């Protein structure tokens, strides 16, 4: 019982923290993207974005710690939330904090309503755009100063992200730094997932359409069998009425 | 009731306008592609194509306005037809007017008949070719004059479209202008959709084939259950005949 | 009836011609590939391969003509066999004659037996290899003499085919001639089909596996319903026996 | 019976040899990767890795021979284990010995438990990483000394493997030697399989989700029909009780 109350407290915290963390992700987005998009940013503003970035980090760190403390099985909590820990500890994985913004997609989706396939499509389109945007920022951050780099403006970075996520890969723009290549590898995985989800959604739709059209003889449903059962129950009542009558007549 | 009559009037307009708009799209196709395909076109003819282009634009604009005026819920109409508005207002999206030509594919398909998968294949092949053609024109229009461009003839543009839509992307031809890159991004999306539809059609076909072959025991259909119900009804009639006879014999 | 006898005669011809045409395709393969693979071939042997090539062409042409003459509805025959006619008339499509060799794959498959998915896999692997081989020959034939070409040996051509069919497209080798680009476009389509078939086969297998494992409650089959019907028939017999007895007892 | 005992002996050997061979594969991994990763390795250590490599080879060779000798149908054994023989005889296919390490993935999976789709995902992610690692080593081994090579460090090789397996193929790094191109062809096939498995897993999941949500009317299961049968059996008992009573009354 203590276990359950403890885990319930953690879940309450997580529900309460959903929106503050989304705000923290938005703050981080601003603090992360501004200096990258405007390389000639005044010294003061760079300091401001640095401070905002640390504030966002602190919020993620505090959230992780509180959740860890509220957990009963702490070892299991750490094992199951490795990504959350990595996002807090490794500066390289900072951009992943923006994944929190998927919460916003969820809200958008709830307002739009619609079928499962529709919701999957909204998530995929939204995530693909978000991932492309973040990857463009990250790769530009890594490449800009590098020697021999061919991604030197945000336009180039977006174009590179488009050629990468669709797996076209012309080769006119590509990362040359190790950090940029890690970003690229992540984006390629996103691209494969994107192609997979598009194909899977289409396949699922087509399978359903074909089934609907070609199935002229529908399979028997529970309702049909329930109808049968009702008929048999009535029949049994009729038989029992005879039995009673027979008892009377045979007495 | 007023609402319904109004929307009925809009729908009548849309049905009546289907073919004129397809003709407008064809006129636009001519006016758009001719100066691009023949860069040394005489001054007079350039003027002619300009005029034709404006005529086609006017038809699309008038169509949009009439449909807007005939709608009862105008705000909703605008919201649901954002693409139609964008195609009229934004010169960059002009080529999308050619999407109207898909109507022709629909006619072709109706004449060919065939299964759902067959129709999907015709649409996909037709759309892929049309999109490749339009993208080639658009990219050539954007790239021809640009510095350092490597797409300078219609043959190059078609070849570039083929390498892009199949996501091969050798990188011997690629757009260098912002406008050309937007065209490319659209074509890449078309490519992913193409791969998705091809895969999905094949998967749907294969799933059906495997099911057909391996399903030796067919599931019970409604017809089977209806047969059962008829048998039970006859049985009940027989029982009731006894009950009547019992009443008689017991009297 | 005349119609049927005529079409039957054409079908008999087609069945009888299957193997001779496969041999013609093999002869053509030899005559086509030898001068391409060995550019320094002696004058005499070039003449020999030319003659062999014409012999193979004649066999395909005669086959087409006889099938046309044996058809009752000739216009329909032409319409339905456009590819066969094109392969005979257009020198550019010559390599497509080698598609006849798929007959050999069919034989291989019949000897191997196995499930539908297994047979699909054999066809796909075989066709992919055959198409890559033919495309390599065709592209090498087109590119070898061209200015600025980067595919100049059969090894390069095979490597180019591998990067194209898998849609990787590094861009170190790519066709520069119009003819070579047409070959490439065909190979890219084959690549998309290849990815599609691989994915579809895996998806079909996975869907089946998941269904098999998760379906603990099997749906009612016709056999179950037939069992029910038999029970009800016995019940009816019992009721009728009572009815008869009732008649007796009530008499 | 002798046949069965012999095959049983071979199977016992295979089960007993599973772990020693995995160890041999690990030893080979060390002996294979060390000199490639550290080109300036001291003479002594190169000799040590050579010896280890031969030891691993000997273990694979002995295993193959013993399995061959323990087989009753030796011709069939050879035919069915062509890959095992090739891995022993052809130095070029040496890296395939590392496929033995998939045994480790199996163990990992058994400890993780989970659904079929989960297990497939673990295998795919594990195999993809392993294949990328081995392909990087093999391509670096082939390319390092070659003239005009652009893959000259292990970082480059890993980056090349990532662009290849995802079919992005920028073209900044690609093999130029024949041996490297064979490695690349294998990796491309792995890439197509990877995309296929990802798509198939997503499609299978989506098909299931849609089916679950949209199936409000569940099909009749065997259990439903069994329930019906029980009701009819009771009904028959009632009818027979009447029949007995009728016999009594009619006596």
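Start at 1 and count along the chain as shown; that gives each residue its number.
Just so it is clear, glycine is given a Cβ too, placed from its N, Cα and C backbone atoms.
Among the ranges A:21-37, A:72-88, the stretch that TrEMBL annotates as transmembrane segment is A:21-37.
For the transmembrane segment (A:151-170), the residues of the chain that approach it from at least six positions outside its boundaries are 36-37, 128, 131-133, 135-137, 139-140, 143-144, 180, 184, 187-188, 190-192, 194-195, judged by C-beta separation under 8 angstroms. Sequence-distant contacts of the transmembrane segment (A:182-207) (same chain, six or more residues past either end, CB-CB distance under 8 Å): 92, 117, 120-121, 124, 127-128, 131-132, 135, 138-139, 142, 161, 164-167, 174-175. With a threshold of 8 Å between CB atoms, the same-chain residues lying at least 6 positions outside the transmembrane segment (A:120-139) that come near it are 32-33, 36-37, 95, 98, 101-102, 105, 108-109, 112, 114, 151, 154, 157-158, 160-162, 164-165, 175, 179-180, 183-184, 186-187, 190, 194, 197-198, 201. Below 8 angstroms of C-beta separation, residues 45-46, 49-50, 52-53, 55-57, 59-60, 63, 94-95, 97-101, 103-104, 137, 140-141, 154 of the same chain, each at least six residues beyond the ends of the transmembrane segment (A:21-37), sit close to that stretch. Regional average pLDDT for the domain 'Potassium channel' (A:134-207) in the model is 90.
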